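S.K.: Here you go, one structure.
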Amino acid sequence: MAQAIQASDIVGVIGAGAMGAGIAQVAALAGHTVLLHDLDAHALDRARAGIAANVQRLIDKKKLDESAGRSAIDRVRSITNLTDMRAASLVIEAVAERLDVKRALFGELERIVTSDCILATNTSSISITAIAAPLTHPSRVVGMHFFNPAPLMALVEVVRGLATSEAVAQTVYATSAAWGKKPVHAKSTPGFIVNRVARPFYAEGLRVLNEEGADAASIDAVMRDAGGFRMGPFELMDLIGHDVNFAVTQSVFNAYFNDPRFTPSLIQQELVNAGFLGRKTGRGFYDYADDAGKPAVRIETNMRTPSHIVLGERAPLYERLQSRIASESTSRNDLPGLIAQIDDAYLFLTDGRTATARAHALGIDNVVLIDLALDYANAKSIAVTRARQCADEAYAAMVGALTKAGYAVVPLKDVAGMAVMRTVVMLVNEAADAVNQGVCTCADLDLAMEKGVNYPLGPLAWGERIGIARIHDVLLHLAAHYGEDRYRASPLIAALRQSGQRFH
């Protein structure tokens, strides 16, 4: 097995922006002398000052010995002449996301560095194969994709192009681990792991918004308080910047030859056209002006106290929900999939069909659907939707029972798959396809999504919790409802359902 480069080996970092400075800090704290290069001397000064400030904060918080911190700061050396990289054992570029720029840079570096120097690119989206193709020795080029801010984010995607040698990839993997990171292996495909698999998190929220299923604040609240995500899709897009987020989606869409799974949103395109890019411009889905109030989440107020509650058969996925609704109920209704009958209303977990379609299929008018939650026992909010034919009195009793159980009930229009369920199922589906296409292993995929974008569970582990058969059914129902290839089920999900096997 390949070993990490030695602490005595010199690391070069090209580009003194936020990412380059962050990578330099990580390498310096790991004991390396770091040659930080930029053509702009002022950028180098800012980067070194930022590194010094970050390290000082670690010292002040007693997370780093003062002597070790001072030594790390001293090991970062500024250079403006690329020929000074000749002594480096590993060079990591963090320059503009342009193929021509990266090719030209590596072409120049190849004439400077030693024959065994590894050339790593921090690109988040450009093909490693394409970057390496013009070089005399493309086997030493590898992706080393850090996540911003590099000192804080644990994940590093180690990405192999077609020509990347196994030894180089393993050395960079081992080096990343030695630097305190959580590395994963990935094949060079559009979006690698994280930027590909994360697309549905934004896309499905935008789809629900486009169908006027709910407003952005309400969808965000449900994704946080029921789904367990740190941020909802709209507040996260505002944080990232719509120009950046839209460009990544457009890039992945183009790279996959217009696969409908990655279709960009017209809503987001309009925000970009208007210059409403999110927090950095003061306006996106939310208004960030000093005098702007916090947008209200819509909470259902149409409720009444129910007179009786009958639980359906208990199921591991939602038994904690049943316990919150009626912990002492002994009555049972054996209607398949029923969570609870509350007066004349019937509560089911969404399965990718609309409540109206579900009511029609069951021959029951008063159907209410509830959205997925990561943990029904501790969820603060929960989303519900009702069939068009559901009576107001029946719906109000259901809302009353859920409110009494301690949930803030967020009403959605009757959209297929609701909000959390459709998003999580599409994340599972994209994750399964990435594994099925050999991009990475199941274990690396879940690790990447947990460490790279802070998901509460890896998508594949989450899919197993929900149930492979249920995931497959939701996809089939979404595909039937929309008539779009966007919701086609991954062959791996179908195969696992048929075989009774699992991802892990």
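Note: Cβ is positioned from N, Cα and C throughout, glycine not excepted.
Annotations per TrEMBL:
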DOMAIN    11-188  domain '3-hydroxyacyl-CoA dehydrogenase NAD binding'
DOMAIN    191-288  domain '3-hydroxyacyl-CoA dehydrogenase C-terminal'
DOMAIN    347-415  domain '3-hydroxybutyryl-CoA dehydrogenase reduced Rossmann-fold'
DOMAIN    417-500  domain '3-hydroxyacyl-CoA dehydrogenase C-terminal'
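Please situate the listed features within the shown structure.
M.R.: Across the domain '3-hydroxyacyl-CoA dehydrogenase C-terminal' (191-288), DSSP classifies residues as 63 helix, 3 strand, 32 coil.
For the domain '3-hydroxybutyryl-CoA dehydrogenase reduced Rossmann-fold' (347-415), residue counts in helix, strand and coil come to 21 helix, 17 strand, 31 coil, using DSSP.
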S.K.: Looking only at the domain '3-hydroxyacyl-CoA dehydrogenase C-terminal' (417-500), how are its residues distributed among DSSP helix, strand and coil?
M.R.: 63 helix, 0 strand, 21 coil
